[in-house]
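Just below is one structure, and these are the notes that go with it.
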């Protein structure tokens with residue numbers, strides 16, 4: 001096959017007259033078309049890239065290829081990535097006659113047109129010198145549009161996509177006018193995919209609506225009915241339509257297509273063109289190479305990195321945008337699908353960030369064969385062009401980059417700078433910045449949003465610092481005891497509760513200055529509560545535990561026990577009625593008929609999430625220890641608050657199998673958690689300073705619980721093989737009864753110098769707790785906390801770098817622990833986060849943070865749930881994770897628990913009117 005190149009630019013008709021084909025060389029009409037071999041010959045040329053980039057190929061065919069003829073994927077890659085537009089055109093007579101020959105089909109021409117942004121046209125007449133023939137008019141139209149103008153917009157719409165009622169097909173960005181006109185002329189060409197056997201059939205409806213965008217203060221709508229000859233040029237018995245409209249310059253338009261296919265069930269190919277005289281060169285490059293080198297193949301692993309050069313660009317504003325859409329016109333939620341390039345003084349070309357595409361993002365509604373095609377519209381001032389590419393399968397993500405975030409981006413485990421992409425080739429900007437290419441350094445680097453810094457924009461500088469004095473306070477300020485009563489034991493349970501929870505060991509000689517409020521409640525087996533005491537007097541609280549004091553105040557419970565009547569959610573709600581959400585405290589529930597205890601875990605979590613109250617459930621029976629119904633749910637409910645289930649039994653002495661100093665020791669300390677698990681199956685080690693005391697508590701294992709190479713614990717209270725309470729000192733290696741299976745365990749440290757009290761936040765820049773853990777959030781729960789200056793945060797052993805840690809500046813809480821991996825986010829129920837601290841000697845210390853994860857946030861006071869991050873959008877005057885905390889005006893301040901606003905001046909009537917109905 002002989003291909004000749006010429007620089008002579010005569011019009012098409014003149015060329016046909018002066019350089020007519022030699023009819024004697026024509027093949028027999030029964031032979032298959034060689035059009036595909038012609039395309040392949042173009043691509044084999046040594047200078048194919050230089051000659052073909054941005055070109056058009058018009059194929060005048062009089063025969064159809066064989067059924068199985070096609071280009072290979074590499075050839076489609078070259079054509080699409082080089083922006084080569086191919087226009088096969090055939091007469092109706094040739095189409096019908098040749099399709100009657102066995103094993104002949106023009107289907108490949110439909111595929112080529114779809115993937116190269118061309119059209120496959122069927123028309124009346126034959127080629128010749130008659131300039132008025134439809135055939136020649138269509139070719140002349142190609143030359144005026146695709147040859148002389150830039151491709152502005154392209155969309156392939158599969159016939160299986162339901163559009164009869166109207167559907168969006170994407171966004172069209174109109175460049176500014178080079179003549180500063182208010183409008184830009186846009187030529188629209190439309191074709192229907194051709195079938196082999198018959199004259200093209202009209203669709204029932206084909207209407208395009210171009211809608212203005214209120215963002216640009218433009219709401220004008222242009223409607224084009226392609227079946228109406230008054231405003232559209234069409235051709236008899238053809239599948240091709242064209243028209244030109246003037247659209248407002250410099251804005252975005254939304255495109256709606258109403259399409260009701262005819263008998264042929266055709267696909268629809270839409271292209272839009274606009275005049276432009278600026279010469280450009282474009283290629284997709286290997287972003288990891290130095291210098292940037294063009295590539296013929298784009299894969300999911302390498303990404304599409306467009307390099308763009310404009311010659312003689314006179315505009316002072318050289319900012320450019322790149323909008324990448326998939327085969328359905330959808331803009332991916334992934335990073336870099338919608339980019340802005342900020343031109344710098346040292347810029348000589350536009351280099352866009354690689355976009356990591358998907359080989360087949362939405363194949364069910366794309367044109368067959370074009371599922372992997374993407375379209376990238378470049379716009380800079382008065383210039384615009386669409387540069388398409390094919391996305392091929394890659395090698396798969398590397399081992400440390402297999403997980404994705406909520407937008408589908410591959411994210412990599414590791415420390416800062418955090419990386420992303422299937423091969424970890426790009427820096428992740430943590431959602432608070434964007435990547436830009438720097439020509440002098442030849443690197444893609446994060447440009448951080450205001451208030452963020454660091455190589456991955458992971459370091460925040462707080463502008464709204466947390467001013468709550470209780471925010472970092474890890475002391476216990478409230479203590480609530482709920483005693484379960486029933487007819488069987490009467491008030492005898494009070495005597496046992498006194499020993500365990502009435503703080504008798506203090507004997508009035510030890511004060512609890514940090515505890516501001518004590519509460520003593522009872523709940524009868526009939527579900528009725530009685531408040532025995534609520535106040536700040538420790539002595540009075542202790543006195544009411546002593547007979548006959550409680551007999552005078554507590555209602556006699558005449559209801560016999562029955563299974564499941566004491567619901568832990570109801571008990572928790574009653575216990576926190578007089579307690580602020582921002583204050584740390586302990587709630588104890590004690591029952592001597594464990595079968596009465598019941599809980600629905602998700603309801604309990606929703607009720608307890610906004611509070612900082614550790615809930616300890618004492619399921620203690622007389623004489624023996626029966627199997628605890630719903631034990632797993634009860635244990636997990638308690639653990640979601642940082643508490644625990646203590647199951648035991650009483651014989652002659654309450655102290656026989658229960659540690660009576662556990663609660664008093666807690667109230668006199670600041671505690672943290674060195675180990676916490678609801679599924680422990682083997683040994684574990686925790687580290688503390690040597691002088692630190694700890695309580696090791698278990699459930700579902702007891703007698704066989706060991707320490708230090710199998711040596712039994714000392715100073716322990718053991719209840720059969722269900723529960724252990726041990727007070728021990730210093731770092732330990734702990735062994736459990738692994739033969740029995742998984743068990744529950746908690747290690748509470750007393751007065752630990754590493755007390756990183758955490759708050760749950762919705763974003764890196766938040767300094768106050770404003771969210772709860774939800775399974776509907778995009779990622780794992782985000783925590784913020786403090787640690788002593790002499791320590792640092794390091795990666796958690798065993799979690800594969802899922803947790804990312806970042807410092808903070810000017811914040812009350814100076815560290816953040818978060819994750820970007822959507823597949824690793826927490827499921828409803830009990831979840832446990834951890835951080836690992838390291839001292840100057842490289843010793844590491846792990847601390848655990850349990851919480852309950854609900855399905856969605858529950859907002860108070862008219863707040864609106866934000867599903868993506870577990871927070872609430874609060875109305876004016878409220879704040880907090882559930883909008884239950886007050887947000888006081890400048891003329892007032894909140895009380896210590898942030899649930900009431902108090903006017904700064906007692907005679908400020910304006911302020912008083914906000915909070916007091918008497919005004």
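First residue shown is number 1, and so on along the chain.
Using the three backbone atoms N, Cα and C, a Cβ is placed for every residue, glycine included.
If you check TrEMBL, you get these features:
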DISULFID  429-446  disulfide bond
DISULFID  448-457  disulfide bond
DISULFID  874-883  disulfide bond
DOMAIN    420-458  domain 'EGF-like'
DOMAIN    851-884  domain 'EGF-like'
Those residues of the chain, 6+ apart, with a Cβ under 8 Å from that of residue 448 (disulfide bond): 429, 432, 433, 454, 457
Pairwise CA distance, residue 874 (disulfide bond) versus residue 446 (disulfide bond), rounded so that it is a whole Å: 32
Around the Cβ of residue 446 (disulfide bond), the count of other Cβ atoms that are within 10 Å: 24
Least Cβ-crowded entry, counting other Cβ within 10 Å, from the disulfide-bonded residues listed as 457, 874, 883: 874
Alpha-carbon distance [residue 883 (disulfide bond); residue 446 (disulfide bond)] in Å: 35
Cβ-Cβ neighbours of residue 429 (disulfide bond) (radius 10 Å): 24
Mean of the pLDDT scores, which run from 0 to 100, over the domain 'EGF-like' (420-458): 95
